[in-house]
Amino acid sequence: FMIWNTMMGTSILSIPWGIKQAGFTSGIILILLMGILTLYCCYRVVKSRQMIPLTDTSNWEFPDVCKYYFGSFGQWSSLLFSMVSLVGAMVVYWVLMSNFLFNTGKFIYNFVHDINVTDIVPGTNGSNKVICPSAASDHPPQNRSVMFASGNRTGFELFEEWWDKSQTVPFYLIAILLPLLNLKSPSFFAKFNVLGTVSVVYLVFLVTVKAAHLGIHLEFNWFTENEFFVPEFRILFPQLTGVLTLAFFIHNCVITLLQNNRNQENNVRDLSIAYFLVGLTYLYVGVIIFASFPSPPLSKECIEQNFLDNFPSDDIMSFVARIFLLFQMMTVYPLLGYLARVQLLRQFFGNAYPSLFHVLVLNLAIVGAGVAMARFYPNIGGIIRYSGATCGLAFVFVYPSLIYMISLHRAGQLTWPALIIHIFIILLGLANLIAQFLL
């Protein structure tokens, strides 16, 4: 459950979009295949220390194993890709926190001032409204919404000007999160780890309730596209594999997590159960959201990269989900920043906190990346798949396979089938990364 809780991150919000990009049938197949492949590569990471002869590796992490096999190149490249995964996750968090804070503030303002705002976007009618924000992307920003109600129109317009999802809200977060990043130890925030479990459980509950009200809307078109449905198999499927690489990514810290296991002989069993639970959660949320999305009247193409954006800001259940996720991310964000600081500054300066100046410069760079993305490229699906495919190439596909082949070769046990299979895994990782930039 600890591994499940650590692995279940923001990617769950993009799984329905990924299934839409890949096609319903191929999406389900890809989730299963990527789960099995990443589990095997994670198993190779766990076993990598045990294949080093005549050395006490009990306190080694995976970068230490990379250094043993590849020298300083392995050490620095593993650091680079680990930083890509951490900073990529922090950027996604900033984009999502801006989104959740914006929608939460909008909900509270409208509720307090008794304002009924109708978004000018296509959507369904009734109490379980579903909207298609992407269809409104052609509208100029000031025409986003129309007000119907009692309330001061000037005040409402002023609020919309100062409470903008991309122009202002990402900057407001700096005042809250930058001071937290500069703390010497974020151990206080680790106590809120249970919020992650609560958030995921609530998301599953929300998805189940919404699907029960909306019903199932599926029509199988295997290769052709019509107005309301996407084909079962689409050429855009690598966009889902990119997301899934990060969704199943725990390879850079799995050794640390399993060191706490009382019965070390159960590591492989527990890892397999954790991957099964994660895959099951992703499948359930992705399939249910895709299947219940009301088409007609809306097209499945309307499924957003963050599926909560398909519910209006005045939807109570979505409001509660955003509140949960906002608080969870605000507690996890400083932990991710701490991990990035420890890994980077310790390598360069031999100290995780050389001075407040060093830490501040690093944190300003990380926060600046998050603000820039929330401002100019707030597409979490895109950020997740690019960073996932990049760090996954090293930690999921290349290093575990290379290390296994080298250790077998040194022991004189490398066979042609093992060589071909692991070279194929490396080529899959390379193709996954290249495809992200072509599609």
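Along the chain as shown, residues are numbered 1 onward.
A Cβ is built for glycine as well, from the same backbone N, Cα and C atoms used for every other residue.
As written in TrEMBL, here are the features:
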| type | residues | note |
| --- | --- | --- |
| DOMAIN | 1-106 | domain 'Amino acid transporter transmembrane' |
| TRANSMEM | 22-43 | transmembrane segment |
| TRANSMEM | 76-96 | transmembrane segment |
| TRANSMEM | 167-183 | transmembrane segment |
| DOMAIN | 173-435 | domain 'Amino acid transporter transmembrane' |
| TRANSMEM | 195-216 | transmembrane segment |
| TRANSMEM | 236-258 | transmembrane segment |
| TRANSMEM | 270-291 | transmembrane segment |
| TRANSMEM | 316-336 | transmembrane segment |
| TRANSMEM | 356-377 | transmembrane segment |
| TRANSMEM | 383-406 | transmembrane segment |
| TRANSMEM | 418-438 | transmembrane segment |
Cβ pairs under 8 Å between the transmembrane segment (22-43) and the transmembrane segment (167-183), at least three: no
Chain residues outside the transmembrane segment (76-96) and at least six past its termini with a C-beta under 8 angstroms from it: 9-10, 13, 62-63, 66-67, 70, 170, 173, 246, 249, 252, 306, 325, 329, 332-333, 336-337, 339-340, 343-344, 347, 366-367, 369-371, 373-374, 378-380, 383-384, 386-388, 390-391, 393-395, 399
In contact by Cβ distance (the transmembrane segment (195-216), the transmembrane segment (270-291); 3 or more pairs under 8 Å): yes
Contact call for the transmembrane segment (356-377) and the transmembrane segment (167-183): at least 3 Cβ pairs under 8 Å, seq gap 6+: yes
CB contact flag for the transmembrane segment (418-438) and the transmembrane segment (236-258), at least three pairs under 8 A: yes
Leading stretch by Cβ pairs under 8 Å, where the reference is the transmembrane segment (316-336) and the options are 167-183, 195-216, 236-258: 195-216
